[in-house]
Amino acid sequence: MSGGKEKKSSRSSKAQGWEEAGSEFYQESYPGDQMDNIHRDPSKLATLLPSKQRVATNRRGRQAQEFKTTRRRNSTLTATRTFRRGSHYQEIQVATLPDLSENLINESQTWEEIREIKAMPVHMAQKRELKNQLQNATKLRLQGFEQIKWKRRKAWQKIMTKWSEYLTKMELWRSSLKTIEGNFGTGVVAYFVFLRWLMVLNLLIFTIIFMFIILPQLVLIEPKDLPCDPNAPPVFDEKRSTANESIWIYANTSVQCCRETYLNEIKHNRSEFSILHLFQGTGFMEKTFLFYGMYTHQIYGYDPLANQQQQSYGSNSYNEGTSFMSNRNLDNFIVDENNSTNNNSTPFMNALLNFSDNNNITTTDLTNFTTWREFFSKLDIYYDLPLAYIIVTIVCYLYILVSIVKAVAHEFKDRLVEGEGQFYQYCNLIFCGWDFSLHNQKSAQIKHKALFNEIQGLMHIKRYEFERNNRTRDIMFKLILIRVLINILVFIILIVCAAVIFILFNISLSVIEPNFETVTRYRSFNVFMGQIKKFSSGTSELDQQFKILFYEFLPYLCIVIFNLLVPILFNYLIQFEQYSPLFVIKMNLFRTIGLRLSSLAVLISRFYYLISAKNENSNTECFNESYGTPMCWETFIGQQFYKLFIIDFATHILVTFFVNFPRAMIARHMNNAFARFIEMDFELSKHVLDVVYSQTICWLGTFYAPFLPAIAAVLIFFMFYIKKFACLVNSKPSTILYRASRSNSLFMIILLLSFSISIIPVVYAIAEIMPSRSCGPFRGLNSVWERAINAFEKLPKLLQDIIFFFGTSSFAIPCFIVLILFLYYYYSVSAANKHMVQVLKNQLVLEGHDKQFLLNRLSLFIKQQQEYQKRIQRQFYDQASTTTNSQQSQGINMDTIPPPLLPRAPRSETGSNDRSERSSIEIKHHSRMSKDIGDI
Amino acid sequence: MGNKVVTFTHEQLDNYQDCTFFNKKEILKVFKKFRNLAPELIPLEMTTPESVKIRMPKDRIVKLPELIENPFAERVCESFSKDGYGNLNFEEFLDCLSIFSENCPRDLKIYYAFKIYDYDGDDFISESDLRQVLKDLTKNELTNDEHQKITEKIIEEGDIDNDGKLSFLEFETVLKRSPDFINTFHIRI
């Protein structure tokens with residue numbers, strides 16, 4: 001709000017300035033020697049225009065503003081301010097005596113002024129002089145708190161400059177960006193800056209995950225879980241049982257036993273090292289912390305075994321891992337167990353990390369521990385990893401959301417300002433068209449050409465519009481028909497793609513997972529699949545492996561190939577639709593996003609189908625084996641996204657270096673139509689989509705593969721170089737003018753779109769889908785979110801009540817009303833501002849008219865004056881000969897000068913009313929003056 | 001390290017840092033660029049007041065890789081030089097690149113952009129200035145008629161007080177609304 005007010009005040013002060021300048025003009029210009037100048041040369045009047053009176057105006061304005069200007073601290077300068085500052089210096093030059101001596105300022109203000117010197121539009125020598133002046137000027141010393149505050153700010157500033165110096169040294173890809181900018185302009189470089197931004201974002205996300213999930217898992221010793229005892233009696237499952245049916249968990253499906261089965265499985269079947277596993281995420285990779293499955297469901301520092309002994313063997317004993325989380329107050333346990341003196345119940349966050357001061361570890365003890373792990377095990381640290389897992393996930397997604405929204409909001413603000421700029425199309429193109437950063441001859445030529453095209457396009461846009469409006473009905477009808485048909489076609493293509501991906505996924509699953517075949521629903525496929533199986537059952541071991549690899553990657557290959565080829569088809573189809581060029585880009589982008597997201601959607605729905613299947617005999621099996629559900633489906637999904645990510649990256653490498661590079665080489669060394677055909681532009685939107693797509697995969701998979709952001713960061717790092725190669729070597733500068741502002745908002749909006757879409761399945765999975773019983777931090781729970789709810793239930797009653805209150809209608813309704821009121825308030829403020837802008841604009845136009853009118857009057861008047869004086873002179877000579885007629889002739893002269901016309905009737909607008917009145921008075925005043933002069 | 005020639009004194013660097021949008025590192029970088037244009041003209045040691053005053057002729061500065069393809073390169077030099085012929089000494093050169101740097105506020109950039117586009121230096125962007133801008137921008141590919149049309153359009157858009165030319169204030173209003181200006185009026189050093 002303050003910004004708006006400031007602007008308004010500056011506007012009004014400017015308007016005042018104009019008026020002042022106007023009055024000054026009439027007061028000062030007439031009496032005095034300037035009169036002679038005007039008489040000699042009427043064109044000198046231009047120097048008296050209000051816009052020329054800036055210095056004088058600002059001197060006045062400044063006195064009023066002085067207080068404000070020195071007070072403001074931030075270095076972000078508003079327009080008027082810089083301007084004032086600039087003129088301030090001119091003023092110093094003019095007045096030779098600086099104002100500074102008049103009202104003593106203190107050190108802090110001097111310091112501020114010195115910092116603002118750089119924003120003055122004067123030469124360096126003058127700036128230096130001014131700085132010296134300011135430094136040597138007498139100034140008040142600050143005292144007490146003010147002094148400290150100033151010192152602190154000064155120190156902070158120093159640190160910031162040091163930091164910026166350090167940053168310039170460290171800035172990644174600085175020279176690369178410069179080369180790209182020099183060759184392709186700011187629009188393309190914005191893309192590379194965006195890549196860098198994404199990489200940093202991924203790194204930050206990974207840092208958070210690493211600190212709170214991976215590091216504890218690595219450093220802390222996982223407490224021993226209860227042993228699997230297959231002979232124990234079944235346990236009643238309170239959570240899942242309803243009134244109608246009671247669910248019992250049998251011993252062999254307890255969390256512990258499922259875990260053991262799973263571990264055995266991966267130990268025996270998937271332990272051999274193979275390079276293929278590296279790309280698939282299977283085998284030994286499955287046993288690493290790369291995937292969700294290996295994270296513990298235990299609370300570090302809490303030993304369920306010891307705890308079990310303390311407790312009497314109850315019916316719950318098998319399901320301990322589950323039940324103690326859901327049913328008991330964990331904190332009390334911990335406190336009891338340690339016989340800790342501080343019995344304060346640790347609230348929510350403290351439950352994560354609870355240092356007990358009971359175990360005194362001295363420094364001598366430290367040397368006794370051979371490893372850090374031992375050290376940590378002796379330290380009584382409680383770390384609730386499952387809870388941390390949830391919180392970190394939420395924090396990460398929120399952080400991503402905030403950083404994207406921040407960027408979008410920034411762009412949006414620019415957009416709003418730009419909204420008014422649509423009236424300045426030509427100015428925009430001419431004054432901002434040239435990219436000052438270009439320094440490559442070829443691209444400069446292309447830029448010249450592109451600007452030329454754009455200018456011509458802009459000039460012809462009127463004609464296009466005319467043509468479009470005057471299309472005959474037949475043509476119109478034909479066009480609409482074509483558009484509808486093509487849209488249907490596009491839709492069909494999308495569906496076909498989705499179906500193909502779906503089928504291929506089924507095939508690949510049926511080969512890899514033998515159980516899948518038994519699924520009755522796909523009987524029709526089974527014959528087909530049986531044949532495939534026959535085909536795939538190769539002779540040698542290696543052959544077999546490669547075949548499995550092929551099938552495993554088949555759907556992903558298909559997705560990637562579609563992503564490559566279908567956009568070309570769309571590109572071809574859109575030609576027939578005859579959209580305007582700008583709309584073509586948008587439409588194509590929209591369709592391609594549709595393609596990419598639909599393929600992902602198919603993939604996810606397939607996963608969902610696999611894992612969400614209701615297991616009828618869930619109490620006897622750990623997982624739905626008959627349905628082909630993987631043992632640890634979270635890891636399975638993590639693997640799939642990992643695979644997709646890797647293969648996506650691999651295709652970028654392949655396409656860039658092995659398809660497009662030869663293409664570009666051929667195009668460069670041949671000089672015919674074919675070469676021109678295969679030559680490539682750097683199509684920004686396509687490359688943006690590539691990156692956003694892989695980022696979407698990363699976001700989808702982060703929950704199931706915590707290392708994915710790190711992998712994404714590394715791959716984006718390499719992607720930068722791949723894209724740089726694609727940009728500098730493979731393509732030539734595009735003839736489309738990419739505006740940095742436009743493309744930036746484009747990136748962010750696409751990113752926001754895909755983020756909000758990718759978050760839906762993740763949230764659904766967290767809230768609804770039952771985690772597998774054999775792996776992961778949430779094994780044995782009904783949903784991941786249940787863990788958060790359990791933690792919430794452990795909060796103190798008061799806090800719980802408060803949070804509950806937020807959910808009730810007694811809070812929501814008043815809140816809603818207040819929000820609506822605020823909304824209305826801001827809406828009306830903005831409407832009023834808009835109106836104000838309109839009024840001021842009108843006023844400005846009228847001022848212009850007034851000025852024009854007055855100037856005309858004035859020059860007319862001056863001409864008359866000159867003529868009059870000539871005549872006087874002539875008469876004077878005449879008088880020399882005949883002195884008798886002098887009195888008479890002067891009388892006649894007076895009559896021949898027509899009184900200057902009155903200005904046009906006062907206009908209806910209030911703003912101009914008093915202006916024109918005033919000017920009419922002014923004119924009258926002048927006419928009187930002219931008479932006076934005449935009399936003399 | 002001890003043998004290294006001191007290009008600038010601490011005081012000089014401090015002054016430059018206070019007067020431009022560069023930090024010390026960048027100032028030295030700019031100096032390197034400046035000196036590379038004519039190593040025989042510019043001494044390595046810039047501590048004396050005379051050395052700072054040495055002017056680099058315009059035709060040399062225009063050869064700067066960052067400016068060589070810029071159609072307004074000569075105007076840029078002329079706008080920043082004190083002597084009006086486009087010859088720059090180091091301080092003016094530094095000033096110039098500082099204005100084109102990222103940290104420079106928009107208003108200051110607009111001020112100099114106005115200077116650059118104001119070919120005849122009469123503090124107005126008149127039709128003749130606009131013609132010149134267009135000629136430089138499109139390498140003289142537009143016809144006379146188109147020139148006429150475009151200049152008319154521009155003045156129609158930007159001219160608020162109907163005097164047939166753009167004053168600084170009008171120019172400022174136009175460019176403040178332009179989203180691209182801050183991006184294009186920028187030279188990475």
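Cβ coordinates are placed from backbone N, Cα and C, and glycine is handled just like the others.
All TrEMBL annotations are machine predictions without curation.
If you look up TrEMBL, you'll see A:1-40 (among others) marked as region 'Disordered'.
The region 'Disordered' feature in TrEMBL is assigned to A:54-73 (among others).
Sequence-remote contacts of a segment are chain residues at least 6 beyond its ends whose Cβ falls under 8 Å from one of its Cβ atoms, and for the transmembrane segment (A:188-215) they are 172-173, 176-177, 180-181, 289, 295, 385, 388-389, 391-392, 395-396, 399-400, 403, 407, 437, 682, 684, 687-688, 691, 695, 698, 702, 706-707, 709-710, 712-713, 716-717, 719-720, 723-724, 727, 734, 738, 740, 743-744, 747. The transmembrane segment annotation in TrEMBL covers A:188-215 (among others).
For the transmembrane segment (A:387-409), the list of distant contacts is 197, 201, 204-205, 208-209, 212-213, 216, 295, 351-352, 699, 702-703, 745, 748-749, 751-752, 755, 759, 762, 766, 777-778, 784-785, 787-788, 791: same-chain residues at least six beyond its ends, Cβ to Cβ under 8 Å. Residues or ranges marked as transmembrane segment by TrEMBL: A:387-409 (among others).
Long-range contacts of the transmembrane segment (A:480-505) within the same chain: residues 525, 554-555, 558-559, 562, 566, 569-570, 573-574, 576-577, 591, 594-595, 598-599, 601-603, 606, each at least 6 residues beyond the stretch ends and with a Cβ under 8 Å from a Cβ of the stretch. Here TrEMBL flags A:480-505 (among others) as transmembrane segment.
According to TrEMBL, the transmembrane segment annotation covers A:553-573 (among others).
For A:632-741, the entry in TrEMBL reads domain 'TMC'.
Same-chain residues lying 6+ beyond the ends of the transmembrane segment (A:641-661) with a Cβ under 8 Å from its Cβ atoms: 279-281, 290-291, 552-553, 556-557, 559-560, 564, 603, 680, 690, 693-694, 697-698, 700-701, 704-705, 708, 711-712, 715, 718-719, 722-723, 725-726, 729-731. According to TrEMBL, the transmembrane segment annotation covers A:641-661 (among others).
Here the transmembrane segment (A:703-722) has Cβ contacts under 8 Å with residues 173, 176, 192, 195-196, 198-199, 202-203, 205-206, 209-210, 213-214, 281, 289-292, 295, 393, 634-635, 637-639, 641-642, 645, 649, 652-653, 656-657, 691, 694-695, 762, 765-766 of the same chain, all six or more residues outside its ends. Among the features that TrEMBL reports, transmembrane segment is placed at A:703-722 (among others).
Annotation source TrEMBL lists transmembrane segment at A:746-767 (among others).
The transmembrane segment feature in TrEMBL is assigned to A:802-827 (among others). Tertiary neighbourhood of the transmembrane segment (A:802-827): same-chain residues 792, 795, selected by CB-CB distance under 8 Å and a gap of 6+ residues from either end.
What TrEMBL records for A:879-936 (among others) is region 'Disordered'.
Marked as compositional bias 'Low complexity' by TrEMBL: A:881-890.
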Integer mean pLDDT for the domain 'TMC' (A:632-741): 83
Helix, strand and coil counts within the domain 'TMC' (A:632-741) (DSSP): 86 helix, 4 strand, 20 coil
Tertiary contacts of the transmembrane segment (A:746-767) (same chain, 6+ residues out, Cβ under 8 Å): 190-191, 194, 390, 393, 397, 400-401, 404-405, 407-408, 411, 589, 593, 597, 600, 604, 608, 685, 688-689, 692-693, 695-696, 699-700, 702-703, 783-785
